[in-house]
Amino acid sequence: MGVVTRLLVGTFLASLALPAQGGVLKKVIRHKRQTGVNVTLPEESQPVVFNHVYNIKLPVGSQCSVDLESASGDKDLAAPSEPSESVQEHTVDGENQIVFTHRINIPRRACGCAAAPDVKELLSRLEELENLVSSLREQCTSGAGCCLQPAEGRLDTRPFCSGRGNFSTEGCGCVCEPGWKGPNCSEPECPSNCHLRGQCVDGQCVCNEGFTGEDCSQLACPSDCNDQGKCVNGVCVCFEGYSGVDCSRETCPVPCSEEHGRCVDGRCVCQEGFAGEDCNEPLCLHNCHGRGRCVENECVCDEGFTGEDCGELICPKDCFDRGRCINGTCYCDEGFEGEDCGRLACPHGCRGRGRCEEGQCVCDEGFAGADCSERRCPSDCHNRGRCLDGRCECDDGFEGEDCGELRCPGGCSGHGRCVNGQCVCDEGRTGEDCSQLRCPNDCHGRGRCVQGRCECEHGFQGYDCSEMSCPHDCHQHGRCVNGMCVCDDGYTGEDCRELRCPGDCSQRGRCVDGRCVCEHGFAGPDCADLACPSDCHGRGRCVNGQCVCHEGFTGKDCGQRRCPGDCHGQGRCVDGQCVCHEGFTGLDCGQRSCPNDCSNWGQCVSGRCICNEGYSGEDCSQVSPPKDLIVTEVTEETVNLAWDNEMRVTEYLIVYTPTHEDGLEMQFRVPGDQTSTTIRELEPGVEYFIRVFAILENKKSIPVSARVATYLPTPEGLKFKSIKETSVEVEWDPLDIAFETWEIIFRNMNKEDEGEITKSLRRPETTYRQTGLAPGQEYEISLHIVKNNTRGPGLKRVTTTRLDAPSQIEAKDVTDTTALITWFKPLAEIDGIELTYGIKDVPGDRTTIDLTHEENQYSIGNLKPDTEYEVSLISRRADMSSNPAKETFTTGLDAPRNLRRISQTDNSITLEWRNGKAAADTYRIKYAPISGGDHAEVEVPRSPQTTTKATLTGLRPGTEYGIGVSAVKGDKESDPATINAATDLDPPKDFRVSELKESSLTLLWRTPLAKFDRYRLNYGLPSGQPVEVQLPRNATSYILRGLEPGQEYTILLTAEKGRHKSKPARVKASTAGEPEIGNLSVSDITPESFSLSWTATEGAFETFTIEIIDSNRFLETMEYNISGAERTAHISGLRPGNDFIVYLSGLAPGIQTKPISATATTEAEPEVDNLLVSDATPDGFRLSWTADEGVFDSFVLKIRDTKKQSEPLEITLLASERTRDITGLREATEYEIELYGISSGKRSQPVSAIATTAMGSPKEITFSDITENSATVSWMVPTAQVESFRITYVPITGGAPSVVTVDGTKTQTRLLRLLPGVEYLVSVIAVKGFEESEPVSGTLTTALDGPSGLVTANITDSEALAMWQPAIAPVDHYVISYTGDRVPEITRTVSGNTVEYALTNLEPATEYTLRIFAEKGPQKSSTITTKFTTDLDSPRDLTATEVQSETALLTWRPPRASVTGYLLVYESVDGTLKEVVVGPETTSYSLSGLSPSTHYTARIQALNGPLRSKMSQTVFTTIGLLYPFPRDCSQAMLNGDTTSGLYTIYVNNDKAQKLEVFCDMTSDSGGWIVFLRRKNGREDFYRNWKAYAAGFGDLKEEFWLGLDALSKITAQGQYELRVDLRDHGETAYAVYDRFSVGDARTRYKLKVEGYSGTAGDSMAYHNGRSFSTFDKDTDSAITNCALSYKGAFWYKNCHRVNLMGRYGDNSHSQGVNWFHWKGHEYSIQFAEMKLRPSNFRNLEGRRKRA
């Protein structure tokens, strides 16, 4: 036995055997073959490939099992690194390759079952197989080579070399894959032998210490850098924030001071006495007493404390800066009070007459004024009068002590009493002032009161109109009750005018003059009786409206004669004779008759027909119909019928008609002995009305019928074009049947309650995109076709929409190193979110964080300042991920560091800080007092050094400031670095000596601006001993006592706060004696003056100061400085009758004495008072006044205008006068009036007043510029200047007035928004303040307005409609005129009520100008104009002639207007549209390329530049073809095409599915579609799957039509296959009755049956096989047939037909083979495969018959 034979035996045994060393497997192990070879082995110099598959089934009786999931399962079954499925591939062109692989896996034994007979049989087979393999191995290692002898058969041996290498015939051993070694490639091998730096364990390197990597080639870093750095060549490069050899130490963010601290775990540990981030900050004094924080070695105190060490109390609210704070207590400034000086103090303490609230006095009852010093009037006179010394002087209309009572008009005329200003009139009186007589009960509001008597309104009467009157006073036939007549008996009606009928005619008639006219059917005087019809004709009596007839008469009115026996109820009685009903006869219709005498097809028995066989019905006239018609089966194109019939029938007529409109009725007949049939060639999805008639002796029965609809087909080829988050786009294959719409349904399989989304699509749509879906949801998509409101079966597919990414990503709370990223969760259900961030445009620098699905924010840290970052978020679920959603943000600027104070003065502070990391432009310093106040800010440039300095100036002394420094760059600003710093205290101000004595000095000074605690006073004694005195902060003076006289002293005064001191204020002074003054006296007192005298030390004083103070504080203080030598003074210019206090003090060098005082009262003088102005006119007014009687000799009155533009007027009046009328003044002028009395030549104090003369009216009103809606009004202004003019205008006929106000300098204005054609009354009034002049008036009439909004509409070539908005004013008529180029003007007049006018007889394509204006009497409005162009008129008489199947001739007559061309449009019923533009001279056009049997619509339009005429239209139908769109070559041939060549066919007769094919019209009657031709070898047929699906080659030479085309063509119906073969003059053919190719889902499965011919049935071997190419192997052989034979076909194992093989290659199975004609070793010269419909001959015969 040869080697190959042994191999074949081994393969057979291996297919049955199962390794049993470790037990028996429970499940079937199957490995799919991937590649292989054919059974014939080559010569010894050629390559060989062995590749085998085991199909091993366990015996049914085995009860053993192996737990493949446990540790002793799979791990023991597979080799150490065996993949889950063994896949062996070899290259396409590996011609010198040998592969022989044999492998058996033996699992461990799972249970003891070796004694089972079937297991023993397997073990024996396995032993035999191992023997064969061993002998084979011995032969292959003997040096004689391997597998040298050719052999045939099937190889089913398992691959050798453990599936990890290839068997080599040269070395007769395994060539292992990388990573494996050993004779059977079963030992793992480590990469690069671990570079001798480690051990190889199970194929993986276990590296020695110090090395790492897959092959131990890399140096390892200490502790792997603790995941805090990168390892580079064995050295750790630490990440930011870490240091050390192994990156284990955290570095401090700010380097620690080397002198004051050290870095421990990333934080500075400071030495005692220092603090801060870098230990550079010294601690504060007393640790701020625990009442503040230490900043820059100074305490920033908590609220309520202050001082250097926060040891001092702060006053409440810092006394609001309204007082001084001494140890927590406020000493308030004048005008303020309260614990915190927060309350305003009231003037003079409200003089004890009220209480102080918020700085204002709330006075006690009876007092008023800012300080409650004034007496108050009762109830403040109710604001209706003036309060004079506690008494009310009431305004006009008010009276009473407090002006609280209203004064009544006319004193109620003496006929009533006054109550609250209104008259309560006496009985019988009314009116505002009770002056009118009153009517009884005020006429009840139903009449007018005239001189105390009521004049009643219509419908009322009585002395007080309280009674209702009746109409016509009831005509004296009734009485009037509450305005309604109650009629006497016998009368009725609203006014009792009508006579009444008896019983009101019982509601059955009308009452006319007291008599009843009864309705039809009623009688009697009161219409109460029923009347009989025609009064029973006198042949009966009337009883209750019904006639009781006499014998021999009948009827409702007894008008008919009676028939015998009443015709037995079987006939009609006509004039006493019976007219019998059908079926009855005789005088009384008592006998029965048969209908139609049984039509001679039966016998009449007792009135019933006994019908002959086959007939039925009452008269035997009907053929017995079939019964129980049922539909037994329905398909897309057929309906099976069955029925019953027991009667004799000649034949049956089957008639079927579509139920839709215009359905064509069709019929056929079947023999009478047949009770079933099949209706064929029906249209799918159409409802048919089917009737079956029985035919007997050429007579039809009534039909039995049924309605049935043929089934709709299922759509095909539904696939997904695109799948997105919220949309899915699908496409599918078209169908060749007629139907209405596609219906596509989307259903969410995750949320059934959401319902379905249904969309209907029109043909020929084959794609659809559904939006609005939910992300990450599983959807079922079903596709149906709909026809006649019926939905066909659906094609379903399932898909899942993509996950949506998180949305609305936002970076919040962004600082210089952190950012909070927030987002909206995705709509889809997800497992988690992947967040990635890094510096933008730096791709490698990215950090990724995995988050849970519930999170919607994440805080990012350790960012760089002022850096743009990019964040992306991706949703993940299992292996699905969304598109990334991205957002960018920029970190903020970092704050300055180590901010500190360098120095300060009392008004400045100098700062220094370290610059931040970000490159800031400037630094912004904001500062404000900690105690409160406005903040200020400055900006300083950034220093190029590491630190920046700045000085704040203009500060308040001794004030602690809160200071913040932030970095600024553009519009960005960092967080501030903050510090508190205080300015120095300022020294006391104006330090001086105010009083010198021999042993004392009085010191004065002003308080410093700063807040401080105390003063320290220092001076030295003449002995040199220093003296120090501490003074309270509220001190502003101090007396030094115990001094030595005549000594000079230097005195220093310092303000202090805590340990802080101001610079000292300095003064020098000497002690001396003090002069004196005294004996101040008053003499020579007059009303306006008095004299003073006093004594004083001679020569001691430089000056004296005299102060005169009004004791009531009403007058200003008067101060006089006189020489120190004077001892008297005369004081004049005083107010008479006033109390004065006089103060006198002396001023000596360096000393001011204490003042001495005295009192004095000036004498009173006579008064003139109460000067009043009244009765102002334009040229004057009246004056009145009061004066003491008998005191004055005369009065002097002075009058002058306040602007002093005229000479003053002075009038001397008699002593007795108290009033004077002043005239001759200017109008509207303000005058000053002064009046004083003359007594004994002396003037009294004058009284004064201000008076204004009244305004004059405007004059001479005129009008100009009058339009339809506006006019200009002018006037002459009055003499006096006024503030404004008010112009009022209103239509004369009435309406709302309009008002315009203009400036007082204007003399005219424009009145707008007037109504056209209306007369207006216009008034002008001058206004000044609240004063108005008398009006000046005039009238004007506005112009007539014209129509507006002129437009044209409904424009045709000869007509147009003019429309306009009417004039606002009523007009008599409108005048219309229109003209065009070369068209004379036409004028028409229409009524003023018209708003449109039809323009006719226009010229086409002509521009017209249209004008219109309104007329009213002599008035004409303005004219409005518009232009329009008439349409181009259409071509005429468009007709289609010479119509053929593909051509037609269109002719027409030109329009009247000139044209530049014609647009010709013709459209078929399927919507195909074509347009042609022809020249202006053309009047006919020949159409070509039309489709046969097609209805066309042709339209033509004339063109003239931009103008287009209306379309003229005609329709025509081309001459028909049998098949306008042939679906294959047979239909093309039936259309009359008989020449072989290229043709266009239409799949499913669908014009949209064109396909070019080669038709063979000669072979076997023609009609063949050729889909394969081999003739010369020019075309390469060794192609991939894609090429064979699409097709390739030249249709006139060698080609392959394509699998897609074949599938669609054969899906149209049943086709037959013909194969024509030729070789050197020999021919053969093969014909198969049934041939089809499946779709791509079946991999184009072949179905071929019904052989006949001369070539032999070689195709039967390939029936049911899918198509194979070298890149898509579907054959059943152990090899890749397409790869082996360099072709493609429906291979099995492998072929009997290989028409796509190598042309001219006679090698075994390599050439163009047809096995049953030339065998496998001969390549045929010519071969064609072609197809046509199986019923072609029937179709051809039908065509010939037609």
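Here the Cβ of each residue, glycine as well, is placed from N, Cα and C on the backbone.
Annotated features, as they stand in Swiss-Prot:
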| type | residues | note |
| --- | --- | --- |
| DISULFID | Cys194-Cys205 | disulfide bond |
| DISULFID | Cys221-Cys231 | disulfide bond |
| DISULFID | Cys288-Cys299 | disulfide bond |
| DISULFID | Cys301-Cys310 | disulfide bond |
| DISULFID | Cys315-Cys325 | disulfide bond |
| DISULFID | Cys346-Cys356 | disulfide bond |
| DISULFID | Cys470-Cys480 | disulfide bond |
| DISULFID | Cys487-Cys496 | disulfide bond |
| DISULFID | Cys518-Cys527 | disulfide bond |
| DISULFID | Cys536-Cys547 | disulfide bond |
| DISULFID | Cys580-Cys589 | disulfide bond |
| DISULFID | Cys598-Cys609 | disulfide bond |
| DOMAIN | 174-186 | domain 'EGF-like 1' |
| DOMAIN | 218-249 | domain 'EGF-like 3' |
| DOMAIN | 312-342 | domain 'EGF-like 6' |
| DOMAIN | 343-373 | domain 'EGF-like 7' |
| DOMAIN | 467-497 | domain 'EGF-like 11' |
| DOMAIN | 989-1075 | domain 'Fibronectin type-III 5' |
| SIGNAL | 1-22 | signal peptide |
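Shown here: features listed in Swiss-Prot, placed on the structure.
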{"residue": "Cys194", "record": "disulfide bond", "Cβ contacts under 8 Å, 6 or more apart": "Cys200, Cys205, Cys207, Asp215, Cys216"}
{"residue": "Cys221", "record": "disulfide bond", "Cβ contacts under 8 Å, 6 or more apart": "Gly229, Cys231, Gly234, Val235, Cys236, Asp246"}
{"residue": "Cys288", "record": "disulfide bond", "Cβ contacts under 8 Å, 6 or more apart": "Cys294, Cys299, Val300, Cys301, Asp309, Cys310"}
{"residue": "Cys356", "record": "disulfide bond", "Cβ contacts under 8 Å, 6 or more apart": "Arg343, Leu344, Ala345, Cys346, Gly349, Cys350, Val362"}
{"residue": "Cys470", "record": "disulfide bond", "Cβ contacts under 8 Å, 6 or more apart": "Cys480, Gly483, Met484, Cys485, Asp495"}
{"residue": "Cys580", "record": "disulfide bond", "Cβ contacts under 8 Å, 6 or more apart": "Cys567, Gln570, Gly571, Gly586, Cys589"}
{"residue": "Cys609", "record": "disulfide bond", "Cβ contacts under 8 Å, 6 or more apart": "Cys594, Pro595, Cys598, Ser599, Gly602, Gln603, Gly617, Glu618, Asp619, Cys620"}
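Within 10 Å of the C-beta of Cys487 (disulfide bond) we count 20 further C-beta atoms, all protein chains included. Residues 459-461, 514 of the same chain sit 6 or more residues outside the domain 'EGF-like 11' (467-497) yet have a Cβ under 8 Å from a Cβ within it. In the predicted model, the domain 'Fibronectin type-III 5' (989-1075) has a mean pLDDT of 85. Among residues of the same chain six or more beyond the domain 'EGF-like 6' (312-342), those with a C-beta under 8 A of the stretch's C-beta atoms are 301, 303-306, 359, 931-932, 1007, 1011, 1013, 1032-1034, 1058. On its own chain, Cys527 (disulfide bond) has Gly503, Cys505, Ser506, Arg508, Gly509, Cys516, Cys518, Glu519 as residues at least 6 apart in sequence with a Cβ closer than 8 Å to its own Cβ. Among the disulfide-bonded residues Cys315, Cys518, Cys589, the residue whose Cβ has the fewest other Cβ atoms within 10 Å is Cys518. Within the chain, the domain 'EGF-like 7' (343-373) has long-range Cβ neighbours (under 8 A, six or more residues past its boundaries) at 332, 334-337, 380. Counting every protein chain shown, the Cβ of Cys536 (disulfide bond) has 22 other Cβ atoms within 10 Å. Same-chain residues lying 6 or more positions outside the domain 'EGF-like 3' (218-249) and placing a CB less than 8 Å from one of its CB atoms are 207, 209-212, 266, 862. Residue counts for the domain 'Fibronectin type-III 5' (989-1075) under DSSP, helix first, then strand, then coil, are 0 helix, 50 strand, 37 coil. Non-local contacts of Cys496 (disulfide bond) by the CB criterion (under 8 A, 6+ apart in sequence, same chain) comprise Cys474, His475, His477, Gly478, Cys485, Cys487, Asp488. Reduced to three states, the DSSP call for Cys356 (disulfide bond) is strand. When other Cβ atoms within 10 Å of the Cβ of Cys598 (disulfide bond) are tallied across all protein chains shown, the result is 22. The distance from the Cα of Cys547 (disulfide bond) to the Cα of Cys315 (disulfide bond) comes to 126 Å. In three-state terms derived from DSSP, Cys315 (disulfide bond) belongs to neither a helical nor a strand segment and is classed as coil. Local packing around the disulfide-bonded residues Cys231, Cys310, Cys346, Cys480 was summarised as the count of other Cβ atoms within 10 Å of each Cβ; on this measure the leading residue is Cys310. Using a 10 Å radius centred on the Cβ of Cys325 (disulfide bond) and all shown protein chains, the other Cβ atoms total 23. For the domain 'EGF-like 3' (218-249), the number of residues in each DSSP class (helix H, G, I; strand E, B; coil) is 6 helix, 13 strand, 13 coil. A sphere of 10 angstroms centred on the C-beta of Cys205 (disulfide bond) encloses 23 other C-beta atoms. With DSSP states grouped into helix (H, G, I), strand (E, B) and coil, the domain 'EGF-like 1' (174-186) comes out at 0 helix, 5 strand, 8 coil. DSSP classifies Cys194 (disulfide bond) as helix under the three-state reduction.
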